[in-house]
């Protein structure tokens with residue numbers, strides 16, 4: 001009896017402990033680590049791959065071949081954007097080359113146009129590849145010294161043809177080489193080609209246009225929904241290693257677009273790109289605030305001055321060492337140096353630990369690649385991040401924007417939309433990636449060397465446009481958290497952990513119930529046997545007497 005009672009008591013205690021741990025976990029917020037892996041993660045929770053070491057200041061690019069203009073209507077072309085911050089990790093448009101469609105990421109942090117060709121050796125299985133109709137004729141030969149210049153190739157790769165002293169492709173030895181290497185180690189190489197490139201949604205065409213035909217790439221270069229890249233930065237970044245004319249520069253110089261500017265608006269699942277002008281009031285909610293660009297004489301990135309970065313109502317700059325900001329659609333998050341990231345984390349933990357669960361402790365969602373279960377009201381307790389840009393322009397990111405929302409298995413997770421990088425690029429700069437650009441319509445006015453910011457309308461005014469019409473995809477988008485990179489397994493692990501806790505609780509309750517029934521039955525059996533031995537209960541005696549007592553009770557009282 002005592003042993004059974006002890007077991008029951010221990011089982012009950014186990015139930016209480018399980019329930020306590022479960023409630024405590026729910027109250028504090030579950031911090032879910034995001035497992036780093038190649039692929040989409042490199043576009044979301046690692047240093048953006050769009051800033052390679054080959055982006056160097058080269059000589060003046062060669063003269064351009066004029067392309068055919070295709071803008072008879074005079075209206076500003078609007079191209080829908082596919083992708084999204086979480087479900088894909090980047091934004092892309094559809095282009096057509098030789099009648100075949102490929103998806104290319106819109107990247108304002110580089111200047112190359114590149115996509116896989118049919119002969120690609122190690123490209124992603126199932127991706128879209130272009131089978132060039134006139135493959136040999138479209139390849140830029142090594143003998144074309146207007147592009148394959150010794151001055152461009154020797155400092156970068158040192159591999160020049162002994163005949164023409166030009167930089168030839170290692171996988172297409174008769175063609176001018178093409179090589180992209182990014183900060184996360186991903187790469188793509190092949191040969192330079194020229195051909196007819198058309199924007200699917202607007203019909204804008206450039207012919208001929210330079211592009212890199214990818215013949216070999218790393219597993220992490222491509223994404224299941226995105227095949228290549230369209231760099232929209234300046235010509236100084238279009239030397240890979242041979243310097244060519246970027247696609248958008250060709251559009252401007254040939255009159256395919258009316259002005260040397262373009263606009264981007266991003267939503268959760270797509271967006272809009274306006275070529276040749278500003279996005280209108282149907283896309284933006286406010287007026288533009290204009291910030292002058294830095295390095296106007298020899299621009300590379302879209303870089304503006306940053307006077308201060310403050311958090312909350314405290315106007316003091318937390319990061320006085322950061323003096324500029326690079327606006328880059330090829331970067332998913334806000335990116336700062338490791339020391340700047342550490343200062344921000346210390347400030348948040350010093351002032352907001354009590355207000356927001358999971359912020360402090362050995363495991364915090366402020367660490368890179370971490371997410372937590374936070375309610376909207378808890379997120380609202382976090383401060384706004386304020387940016388004071390050159391020219392007196394004040395911009396801000398509320399917590400609901402920089403705490404990225406993702407859902408999986410019936411739970412809503414919040415992931416910090418900020419990352420740090422070790423390297424010279426962010427030593428005194430911050431990269432304003434898609435996390436920032438989701439809030440503001442951004443105009444890249446190259447003609448006047450300025451960038452305009454205006455708050456965007458919900459869904460960029462495209463809420464009536466289905467995502468499927470923005471950009472078709474061969475496969476359905478992955479789950480929100482898994483597309484951030486290896487999270488679905490981690491979330492499932494967390495789900496199983498909670499399920500195990502509740503299962504253990506139910507088993508313990510069941511064990512207590514079974515033990516209670518067994519103990520009660522044993523007690524009843526022992527009492528019945530004792531009564532039968534004493535002759536107190538019998539079939540003939542168990543009948544009522546006139547006094548209301550049974551016969552056994554009457555006899556017992558009489559004997560007393």
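Cβ coordinates come from backbone N, Cα and C, glycine included.
TrEMBL entries are annotated by machine, without manual review.
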Which range of 499-520, 521-542 is transmembrane segment, per TrEMBL: 499-520
From 107, 120, 142, the recorded positions whose CA lies within 10 Å of that of residue 328 (active site): 107
Number of Cβ atoms other than its own within 10 Å, given for residue 107 (active site): 25
Which listed residue (120, 142) has most other Cβ within 10 Å, given these are disulfide-bonded residues: 142
